[in-house]
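So the structure is just underneath, and the comments pick up after that.
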Amino acid sequence: MGKPIKSVTIVGGGTAGWLTAALLQAFGRAQSKDAKPLQINVIESPDIPTVGVGEATTPGIVRTLQNAGLSEKEFFKRCNASFKLGVSFDGWNVDAKGKPISYINPFVKAPNIRGIEIANYFAKFGAGDQDYVGSYAITNDLVRGLKGPRTLGSKEYDQSTGFAYHLDAGRFAGLLTEHCKARGVRHIAENVLEVKQDESGNISELILDKTGSHAVELVIDCTGFRGLIINQVLKEPFIDYSKYLANDRAMAVQIKHKDQTKIEPVTRSTALGAGWSWRVPLYNRIGTGYVYSSAHRTDDEARDEFLAHLGNPEGAEPRIIPMRIGRNRNAWVKNCVAIGLSGGFIEPLESTAIYMIDLAVRWLLTYFPEADYADPLRDRYNKLVDNLYNEVRDFICVHYRLGNRTDSQYWIDAREELELPDGLAENLELWRYNLPSYYDVPFNTIFDAQVYAAVLMGKQVYKTGYAKGNIGAGLNLDQKLWREAHKQIRQNNLARAQRAADHRTLLAELRG
Ligand SMILES: Cc1cc2nc3c(=O)[nH]c(=O)nc-3n(C[C@H](O)[C@H](O)[C@H](O)COP(=O)(O)OP(=O)(O)OC[C@H]3O[C@@H](n4cnc5c(N)ncnc54)[C@H](O)[C@@H]3O)c2cc1C
């Protein structure tokens, strides 16, 4: 047995650093005999800025904030947060007549009818003028009506309708900093100049620019794309995903709301000529950007295209962000665990990165080491993190592989030139004959079969030549039963949407 670890040092004060600190502080085990909680230190450079983006989240964020002990109301006010009910994919595919499709990937679970997933009924019988999501979820109605997921006066964190948040990344890190410091996390605003290793290769000491030597036990590398410790010092190889995903650059800018009273409760992802543009509406402004492939656009070309897409807003000067897409071979090496952008990054199409930070910290706590850093703990942690990156990569690949645009070389290359990971290639062949089922992606943490079905149906692949078999051939589907069930679901959703509060009014109430 090793000695108990008494302190954790986090290098980096972006969302990854402070979220890691907040969750470690909330759950960190008392390992010493005197049962003192873990001492958590965050070393943050006062000179190196954070990446400054990362403003859309997944529903897991609700549990993150609750578990970290944050008040939802304070979060809304401090982070200019808004609700996100899903992602609207605009212009990623065209329908059978060549018209661009817009569909939402919602945060609402699809019900089943007598044990059969609703997607099977929809694929066979359709649902009148509703698209697949409209056939079961309230999301389209709420988004169309600019409504939030709740009524006025609801309880904090009420989750009767699934949602995530949009947040101001800089303010979020600020709120977490304050929250952590008030709970005993030590904040060291200094630059790490040098990283020293002991004879076994473990990180033993950090040399800081003002106070000099800082001895460490367990170190968390949250230094962003530079991977200061994991890559530069420990030399862990980076596994590049560019053969699967083409986008390697982004540009970001903040713009004003055209009408401050109309705040969409959805993240928009609009397909452009060489990638896609995100639009994240916060309470006070909109965060937007263009994720693109440098093989298909220079920065100048991308900037022109992006600004034209925005309607050339006055004074908008997008900031270029080069992206390192892929993951480290291992996230945990020796006594260092890389969390956040230092560990890896997959383009932000599904806004998963913040949730991946949350999961990484929970897994670290589950497999928390003693000072001997036992291999089985590290191996299991690394396996989970690898699987998670591959899961997210695969899901993102589907958006491109099943795109059917032919109007730009980028979309043709994204569909025809990029490689598919093996497991995904097998599933995509299978789904020509059958809808995604639980058994096809049984170990997925974020993207289950229902979410895959929502994307396939949203893209209308079964109406545009993808199917090779009769979908759901073996199921005895009763059309009358479906019609009645669908009618009931619609009525219920319309009534709930009617009662839901206007999004902006709800935000104003939450902000006090
Ligand atoms: C274009 C783009 C869009 C994104 N959109 C989303 C999204 O919608 N949703 C989502 O969940 N995620 C998104 N992400 C990812 C998200 O931004 C990051 O996961 C998140 O911000 C965490 O970043 P980080 O803390 O790992 O790195 P950073 O923000 O880069 O922070 C690095 C920290 O390390 C410190 N540091 C570096 N070197 C030293 C040193 N020598 N000494 C001391 N400190 C040092 C810096 O000062 C800084 O505090 C996006 C990313 C990109 C690139």
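Glycine is treated like the rest: Cβ placed from N, Cα and C.
Annotation comment: TrEMBL describes K84 as active site. Mapped onto three states, the DSSP output places K84 (active site) in strand.
Per TrEMBL, FAD binding site is recorded for G13, G14, T15, A16, V192, L341, E350, I354. Within its own chain, V192 (FAD binding site) has V11, I43, S45, L206, I207, L208, L228 as residues 6 or more apart in sequence whose C-beta sits under 8 angstroms from its own.
Residues annotated as 7-chloro-L-tryptophan binding site in TrEMBL: K84. Taking Cβ-Cβ distances under 8 Å and a sequence gap of 6 or more within the same chain, the neighbours of K84 (active site) are A56, T57, F107, F163, A164, Y165, H166, P265, V266, T267, V280.
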*Do any of the binding-site residues T15, V192, E350, I354 touch ligand 1, in the sense that the CB is under 6 Å from one of its atoms?*
T15, V192, I354
*Taking G13, G14, T15, A16, V192, L341, E350, I354 as the record's FAD-binding set, what's the max Cα pairwise distance in Å, rounded to a whole number?*
33
*Relative to the Cβ position of A16 (FAD binding site), how many further Cβ atoms are located within 10 Å?*
31
